[in-house]
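S.K.: First, the structure itself, so that you have it in front of you.
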Amino acid sequence: MIHKYPMPSVVEFNQLLGAIVRMKRYAIAVSMCKQMEFFRVSPDVYTLNILTNCFCHLGQIDCGFSVLGKMLKLGVEPTVVTFSTLINGLCNQSQISHAVSLFDEMIGQGYRPNLIVYSTTLNGLCKTGNTYRAVRFLSMMEERGFEPNIVAYSTVIDCLCKNGLLNEALDLFSEVKVKGIRPNTVSYNCLIHAMCNLGQQKETTRLLNEMVDNNISCDIVTYNVLIDAHCKEGMISEAIEILDTMRKHGIEPNVITYNICIDACCKEGMLAEAKDIVDTMIKQGIEPDVVTYSVLVDGHCLQNQMDKAKSVFQLMIEKGCAPDIHSCNIMINGYCKDACFWASSKSSDMFDFVGWFMQKW
């Protein structure tokens, strides 16, 4: 198309660029934009927005701002999409203060942000723990005629919960319901997780009942949080019951679910039960991961069963699951703490393992 005559129009170039970007071939799109200049096809605001987006996806945010400068030099008026793209790029680079400054500058220049810009900036504030500013940002959205949706509220509720501000999260959750906005599974999960961490079982049960009453389904995250909470309280049999319940409701446990239960069993010295759970997950078509094996190795180390710990570690390697530094440290600590092992003739095993470890890392 590039070499056809007459020369393609900017609209045709933009269509081609859009197709390339949808394929995530950002570097190719950037190269195409440079060829436009070679063929003396003047880019328009759509072209330059596409180019800005490509640079942001490539992590070249400075180049994205260079495109903004080029827009101004060419007399091309930036759009809300231009600012939205740059704000998103800054947030992805964790340059949140810069993103908020650009948002303020955008407002100051008379641009009216859309919901995407608000949501992007709000996510950035929450990711960096700017909790109270995120709450104020919600209010600002309303003042400017943008009613936050449940996704925006859930983002801030999650941020409040993660920063230990459960009461403030509950207040915001109540505000959501008063406004007639229907909470979703995510918003409930945030609160349930926070309450479980604080051991507030009664409040957790109340929220679960509320979910049922409002026909809001629990998902795998809900069940994993509940299973984890019961395991941490030493209520392993109850945790297994919850695992069975989730299956009955058509939600299949994932490797995280099984790892939580296996870890709890190993910490309690219930290694036979842990092995049964591993067998079950394999039957369900879920392969153990490095966490699964590490937990099992640790379980045997805690019981001073270094031969079995070594066997599990070797099995992990045989299954093509690469050990990480954490799993290796578990083995080394296990060897160091086992007095009986040092008294035996097998103490050279540890030095062999350390030698292997040093070669690997």
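Each Cβ is built from the backbone N, Cα and C atoms, and glycine gets one as well.
Automatic, uncurated: that is what TrEMBL annotation is.
Grabbed the feature section from TrEMBL, which reads as follows:
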REPEAT    44-78  repeat 'PPR'
REPEAT    79-113  repeat 'PPR'
REPEAT    114-148  repeat 'PPR'
REPEAT    149-183  repeat 'PPR'
REPEAT    184-218  repeat 'PPR'
REPEAT    219-253  repeat 'PPR'
REPEAT    254-288  repeat 'PPR'
REPEAT    289-323  repeat 'PPR'
S.K.: Using a Cβ cut-off under 8 Å, which residues of the same chain at least 6 positions beyond either end of the repeat 'PPR' (254-288) come close to it?
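M.R.: Here the qualifying positions are 220, 223-224, 227-228, 231-232, 234, 236, 239-240, 243, 246, 295-296, 298-300, 302-303, 305, 316, 319, 321.
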S.K.: Using DSSP, what's the helix, strand and coil tally for the repeat 'PPR' (149-183)?
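M.R.: DSSP composition of the repeat 'PPR' (149-183): 26 helix, 0 strand, 9 coil.
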S.K.: Using a Cβ cut-off of under 8 Å, list the residues of the same chain at least 6 residues beyond the repeat 'PPR' (219-253) that approach it.
M.R.: 185-186, 188-189, 192-193, 196-197, 199, 201, 204, 208, 211, 260-261, 263-265, 268, 270, 273, 281, 284, 286
S.K.: Using a Cβ-Cβ cut-off of under 8 Å, list the residues of the same chain that are 6+ residues beyond the ends of the repeat 'PPR' (114-148) and lie near it.
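M.R.: Residues 80, 83-84, 87-88, 90-91, 94, 96, 99-100, 103, 106, 155-156, 158-160, 163, 165, 168, 172.
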S.K.: Is the repeat 'PPR' (184-218) packed against any residues at least 6 beyond its ends, judged by a Cβ distance under 8 Å, and which are they?
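M.R.: The answer is 150-151, 153-154, 157-158, 161-162, 166, 169-170, 173, 176, 225-226, 228-229, 233, 246, 249, 251.
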S.K.: Along the repeat 'PPR' (219-253), what average pLDDT does this model show?
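M.R.: It averages 92.
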